[in-house]
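Visitor: Questions regarding the structure given below will be posed in turn.
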Amino acid sequence: MNRVFVIGSINVDILMLSDHLPEPGETIKAGSFYVYPGGKGANQAISSARMGANTTLIGKIGNDYFGSLIKDFIGKENLNSIIMYGQKTGMAFINVDKNGKNMISVFSGANNDLREEDLKDIKIDNSIIMLQQEIPMDTIEYVIKTYGRNNLIITDPSPINEINDFVLSGSDYITPNEVEASKLSGMHINSREDAFKASEILYKKYQTNIIIKLGSYGSLLNNGNEIRYFKPSTVNARDTTGAGDCFNGAFAAMLTKTSDVNKSIEIANMAAALSVTEYGAFPSFPYLNDVKTKFNLNIN
């Protein structure tokens, strides 16, 4: 499999940096702000493309000012796209404090308009498909039913407003973070040992590969035969926004280059670690050469 297709959300992110996150009813001053493309779909597609995979992003934006911004940004990436128009462009408003913690509000907009009929004429075969949960769930179900047999599907169950067992069981990899894994498994994750137990619950329930992203604590893989822990790379985190998306995109990209899943996860960890050293989601995502240079890797 040498191509990646990302079917998912496309937003404009408005990022504000401040000393602390606002409390309810509190007005604070932001030291600076930035405007970037975002959405889990766009983020993961850009990460995959920057890590060297032939990547296509499929999604909807509005025929408006913010939609034109997105097309300009995406046009500067080595990224194929099938972009359709719906209602207003999706937006995300992100506050980040001096410690890199964030608080995010999302307006779905045109992402809610991506429907089955938009995908009927799109041919995808022998490829990796990445999904998230910022588009309608019935559209995600359609992708699983239509493309699941001849492609490898990686599903990021985020945001976890809805749990769809059909989608998760029909995926080849499920990649929750610790909060999402807690909700899916029904147990709170406070430690690596808790994450191991949660992965066992999830594997038993969904019978597919489980990757739990543990942020600064690394990640783990439960493939049904073993549970393997992957240590994080030590970095000075400035902004964790989009780190999980960076991981997913890098993981998919590596799977187009090697059949070694463990190696792919290790490199995805490295890419995600580099991403948190800069502000913003996609602007912080490393290119393959960045990861190779930083960690002295020999990959093409």
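Cβ atoms are placed via backbone N, Cα and C, with glycine included.
All annotation found in TrEMBL is predicted automatically rather than curated by experts.
For reference, TrEMBL lists these features for the protein:
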ACT_SITE  D245  active site, proton acceptor
BINDING   N11, V12, D13, G39, K40, G41, A42, N43, E134, D245  substrate binding site
BINDING   N177, K213, L214, G215, S216, Y217, G218, G244, D245, N269  ATP binding site
BINDING   D239, T241, S275, E278, G280, S284  K(+) binding site
DOMAIN    1-283  domain 'Carbohydrate kinase PfkB'
Visitor: List the Cα distance (Å, whole number) between E278 (K(+) binding site) and D245 (active site, proton acceptor).
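Guide: Cα of E278 (K(+) binding site) to Cα of D245 (active site, proton acceptor) measures 15 Å after rounding.
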Visitor: To see if you understand the setup: which same-chain residues, six or more apart in sequence, place their Cβ under 8 Å from that of D245 (active site, proton acceptor)?
Guide: K40, N43, Q44, S47, D156, A281
Visitor: At the level of the C-alpha atoms, what whole-angstrom distance separates S284 (K(+) binding site) and L214 (ATP binding site)?
Guide: 19
Visitor: What's the CA to CA span in angstrom from D13 (substrate binding site) over to S275 (K(+) binding site)?
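Guide: Cα-Cα distance, D13 (substrate binding site) to S275 (K(+) binding site): 16 Å.
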Visitor: Taking the center of the Cβ atoms of N11, V12, D13, G39, K40, G41, A42, N43, E134, D245 at the recorded substrate site, which other residues in this chain have a Cβ no more than 8 Å from that point?
Guide: G8, S9, I10, P37, G38, G90, A92, A281
Visitor: Mean pLDDT, the domain 'Carbohydrate kinase PfkB' (1-283)?
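Guide: It averages 95.
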Visitor: Any idea which of the binding-site residues N11, S216 has the thinnest Cβ neighbourhood at 10 Å?
Guide: S216
Visitor: Can you count the other CB atoms that lie within 10 A of the CB of N177 (ATP binding site)?
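Guide: Summing over all protein chains shown, N177 (ATP binding site) has 21 other Cβ atoms within 10 Å.
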Visitor: How many other Cβ atoms sit within 10 Å of the Cβ of L214 (ATP binding site)?
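Guide: There are 19 such Cβ atoms around L214 (ATP binding site).
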Visitor: Measuring Cα to Cα, how many Å separate A42 (substrate binding site) from S275 (K(+) binding site)?
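Guide: So the alpha carbons of A42 (substrate binding site) and S275 (K(+) binding site) sit roughly 15 Å from each other.
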Visitor: Rounded to an integer, what is the Cα-Cα distance in Å between T241 (K(+) binding site) and N11 (substrate binding site)?
Guide: 14
